[in-house]
Every structure is written in structure tokens, then in C-alpha cells.
Amino acid sequence: MEEMSGDSVVSSAVPAAATRTTSFKGASPSSKYVKLNVGGALYYTTMQTLTKQDTMLKAMFSGRMEVLTDSEGWILIDRCGKHFGTILNYLRDGGVPLPESRREIEELLAEAKYYLVQGLLEECQAALQNKDTYEPFCKVPVITSSKEEQRLIATSNKPAVKLLYNRSNNKYSYTSNSDDNMLKNIELFDKLSLRFNGRVLFIKDVIGDEICCWSFYGQGRKIAEVCCTSIVYATEKKQTKVEFPEARIYEETLNILLYEAQDGRGPDNALLEATGGAAGRSHHLDEDEERERERIERVRRIHIKRPDDRAHLHQ
């Protein structure tokens, strides 16, 4: 499986074992292609790109440094190949969009230092400084409308968790533990947002129609919902009960991480298929399998206790 990127090709093939060290001697630098194995990722690129800027790569391919080559002619570079395509794009174009993640910018900075790509190094350092100066550790938007919520979820490349809490929606009095449980739900949401903010979009909703409800989104659609409220009878009077289903909330949060993008390639469909996620399922299904898929793809709505089931119960 190979992916094209400009004048480079990247593959995950494994090189042959036999190697030798030589000084690189190339002809026709404007047209000659070079085969590179960077930490197991294979790239084709041109001499023109490699020697365009004054970097370690230019030194390697102008004969000033020795290079290690395997028996199939692949030049071996003992570095992680994850960001090498970005390095090549920068050498070719003179600029690249930087990753959003601080961790990935730091990884790219380390590669820029190794290859002595001064311009990219300075851009990464400036981006990290801006993040330190202007960006808080954790951002949690509080939505103002359903359209804003839809836009946030549709445009995010992360899975999303939304907590809706709105005490003003209650028509009855609360049970004795409801206020404490409401606070526990809010506190857990805050803890999860601090722990997973780099991987999950967390959203607060204080204008919705529920009293306390968690929603979980993957690939732009709702995957599961945990409703924490129910109506109970106490001394012949209806009351609203808020519960704190901590284990269920943790379970659905971990499930939603299956929809996390993998190095910009989208979620791991094999993992989704193995764990029952709808996105990983085959499109070639018979009628029974199709019905089962539709059942699974419906939103998992978990109500701690259903009001209908409790309509005739008295406490």
C-alpha cells in the first residue's frame, strides 16, 4: 500500500538486511529519483528536493557525508519516518501547515533539528511559544444553540462528549441526593475533559431540554446517550431523581476513543469492527446482517431507570 505526496512516495515495506556504507554519487540532480528508507517508511523523492536547501540531507546527497545503503539500493536513515514527508514538503515548497497537537509539533521540531532544517525549526519553536502564551491547557465550549453544537461536532476531527445539565427544566421537586449527584456528574465531566482534552472534544450544554444527560459522538454522529434523570413517586408526589452512573459514563467515554483519528488517517476500522463499531463493518451484508447492523448503529440510549417502567411504583 503506497501513498503519493508531491514527488515523494511513502510505503511501509521492510528493507533487506544486507547493508553497505558509501558516499552518495548522483547524476542529473534535477531529475534523478532517490530511494529512502526512514525508520521502515520508504520514500521516493528527487535530488532537487533533497539538495534545495542547506540541510543535512543536502550534505548527504552531495557526497560530503557517507550514506548507508541496503542490497536493494534503499538509502537507510535511522529516524522515525512519521514526519519525514512533512520535511520533504517543506524542502520542496518552503513551508508547510504545522500540526495542531503540541506533541506532534514537538516531534516535528526534533526531526527539523536532526536534519538541520533551520526554517522549519524556527517555525516549530514559534508555534510552541504561541501555544504557551495564548492557548489554555483545556478548552471546553459552552454551546449557545443547536446549530452551533452541530457545527462543532461536524467540523471536529475528534470524537466528542457532551454534558447537558439544566436544573430549570425540572417540573417537580428533587429527591434528597439529586443535587449531590448533579454536582458529581459535572465534576466527572471536568475531570474527563482535563484528562482527554487532546483526544476528545468536550462540550457543555446548559440550554437543552434535559436535566442531566451525557451524549457521545463519533465521526460526526451520536453513538450513545446516558440519561441520568427519572421521575419517582414519594408520598404520592412526583419527584425528579438525578443519578450518577459513573461506571457507564467511563465505559462510553472509553468506547468513543475507538473513533479517534490515527495519525490523521481517521479511526482504526479494524479495531471498530473487532469491537462492534459500525464504521468498521463491511458494506457487503445479507438482509439479516443488514438489520443487525442497523440495530447496532442506532444510538445506545441508556436510561438509569425508565419513567414508564416506574409509573406504578411507589416509595
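Heads up, the Cβ atoms here are built off N, Cα and C, so glycines get one too.
Annotated N-acetylmethionine per Swiss-Prot: M1, in sequence order.
Averaged across the domain 'BTB' (32-100), the predicted model reaches a pLDDT of 91. Annotated domain 'BTB' per Swiss-Prot: 32-100, in sequence order, evidence recorded as sequence analysis.
Listed as Cβ neighbours of the motif 'PCNA-binding' (239-245) (distance under 8 Å, sequence separation of 6 or more from its ends, same chain) are residues 170-175, 177-179, 181-182, 184-185, 188, 211-212, 226, 228-233, 302, 304-305. Annotation comment: Swiss-Prot describes 239-245 as motif 'PCNA-binding'.
If you look up Swiss-Prot, you'll see 269-294 marked as region 'Disordered'.
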Tally of DSSP helical, extended and coil residues in the domain 'BTB' (32-100):
19 helix, 20 strand, 30 coil
DSSP helix/strand/coil residue counts for the motif 'PCNA-binding' (239-245):
0 helix, 4 strand, 3 coil
